[in-house]
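J.: Here you go, one structure.
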Amino acid sequence: MIVTQHPLDLLITRLPKAELHLHIEGSLEPEMMFDLAKRNGVALPYADVDAVRAAYQFDSLQSFLDLYYAGASVLITEQDFYDLTWAYLLRAKADNIVHTEIFYDPQTHTARGIEFAVPLAGIHRALADGHQQLGISSKLIMCFLRHLSEVDGFATLEQAMPYLAQIDGVGLDSSEFGHPPSKFERLFARCAELGLLAVAHAGEEGPASYIWEALDLLKSKRIDHGVRCTEDAELVKRLAAERMPLTVCPLSNLKLCVVKDLADHNLRELLAAGLCAMVNSDDPAYFGGYLNTNLLACRAALDLTQAEIVQLILNSFEASWLSSAQKMYWQAEVGQIVSELRS
Ligand code: ADE
Ligand code: ZN
């Protein structure tokens, strides 16, 4: 059987890209989960890798998070976190990602008795090697788990104090329903005083009002997911006027039943409204694919045009925390490759 590639798929794979919404713990592939479980003597409730994959059937964010936190239990040593991050960086390189801003969840690990410094050291070392050996620049975002208390969040920030030079920003993730951004207003105000940039998951499963709160109370510089913004016309107007980035994760939305079908995703609508949306992979080991797989799936399901694909990728650089000069450099590279492919 001859399978012909859609002409835009070549463009997707060839263009340099930034990824801005990636939980490093969500890049733990079942094979590595088993290897680390063996290395660390951790028992897993699965017979083999196929059984792990078969368990990845989710009906909500919470049903995913339960497995995701359980999977993270195999991560114990600094080397484990290094290996996890390095494996992601190799996949990022294969997808032509030149800049990545990754999340990690320290509380998932400190709650299991892992020292705060351990995950950070492994992740940071791999990111430094990724820059040196693979040419991938990066930022690191420490997320607070919103199902935990404000007090727990402040305790985590206290533990992070000696390491702030290695942390570029803070985020807010985990179970959205019942844990509005307002719960963390004081914590994020303190982070801002410390010079940390803020982002927050909002409007993934939760209502559009959580997006308003993330903007007004947390001073979030980007909204992670944000797809429910289209339920509020005033909010869409504001997001467009401010060019507030939305780090959209289409295969995640599909796997977690935020949308029934990828063809129903509002990604095109977001672009048409003038929003700074781009595509990301969120937790690629759990949701069926890394960045290019997300872009290719959206191209096919939504019949994205070349202009829309290029816009998504330009937006990924615009929304990044790269310097203006670096943004301009990569956006010019995108333009150059688009014109080369055209001729
Ligand atoms: N943690 C990891 N992935 C997440 C997601 N999609 N939403 C909220 N918290 C998360
Ligand atoms: Zn996420």
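Yeah, the Cβs are placed from backbone N, Cα and C, and that goes for glycine too.
According to TrEMBL, the protein carries these features:
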ACT_SITE  Glu204  active site, proton donor
BINDING   His21, His23, His201, Asp282  Zn(2+) binding site
BINDING   Asp283  substrate binding site
DOMAIN    16-328  domain 'Adenosine deaminase'
SITE      His225  site 'Important for catalytic activity'
J.: Near the Zn(2+) site, what residues other than His21, His23, His201, Asp282 in the same chain have a C-beta no further than 8 Å from the centroid of the listed C-beta atoms?
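T.: Output for this site, in sequence order: Leu22, Gly26, Phe103, Asp173, Asp224, His225, Thr247, Cys249, Ser252, Asn280, Asp283.
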J.: Nearest by CA distance to the residue listed as 'substrate binding site': which of the recorded positions is it, out of His21, His23, His201, His225?
T.: His23
J.: Can you tell me the CA-to-CA distance separating His201 (Zn(2+) binding site) and His225 (site 'Important for catalytic activity'), as a whole number of Å?
T.: 6
J.: Ten-angstrom check, please: count other Cβ atoms within 10 Å of the Cβ of Asp282 (Zn(2+) binding site), all chains counted.
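T.: If we count other Cβ atoms within 10 Å of Asp282 (Zn(2+) binding site), we arrive at 29.
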J.: Tell me the Cα distance separating His225 (site 'Important for catalytic activity') from Asp282 (Zn(2+) binding site), rounded to the nearest angstrom.
T.: 9
J.: Would you mind sorting out which of His21, His23, Glu204 (the recorded positions) have a C-alpha within 10 A of the one on His225 (site 'Important for catalytic activity')?
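T.: Near His225 (site 'Important for catalytic activity') by Cα: His21, Glu204.
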J.: Which three-state DSSP class does the residue listed as 'substrate binding site' fall into?
T.: coil
J.: Measure from each Cβ of the recorded positions Glu204, His225, Asp282, Asp283 to the atoms of ligand 2 and list the residues where some distance is under 6 Å.
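T.: If the test is a Cβ under 6 Å from any atom of ligand 2, the answer is Asp282.
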J.: I'm trying to understand the geometry here, so how far is the Cα atom of His23 (Zn(2+) binding site) from the Cα atom of the residue listed as 'active site, proton donor', in Å to the nearest whole number?
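T.: Between the Cα atoms of His23 (Zn(2+) binding site) and the residue listed as 'active site, proton donor', the distance comes to 15 Å.
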J.: I want to verify one value. Collapsing DSSP to three states, which class is Glu204 (active site, proton donor)?
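T.: For Glu204 (active site, proton donor) - judged by DSSP and reduced to three states - the answer is coil.
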J.: For the recorded positions listed here (His21, His225), tell me which residue's CB has the most neighbouring CB atoms inside 10 Å.
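T.: Result of the Cβ crowding comparison: His21.
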J.: Let me know how many other Cβ atoms fall within 10 Å of the Cβ of His23 (Zn(2+) binding site).
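T.: I count 28 other Cβ atoms within 10 Å of it.
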J.: Which chain-mates of Glu204 (active site, proton donor) that are at least 6 residues away have a CB under 8 A from its CB, listed by sequence?
T.: Leu61, Glu176, Asp224, His225, Gly226, Val227, Arg228, Asn253, Leu256, Val258
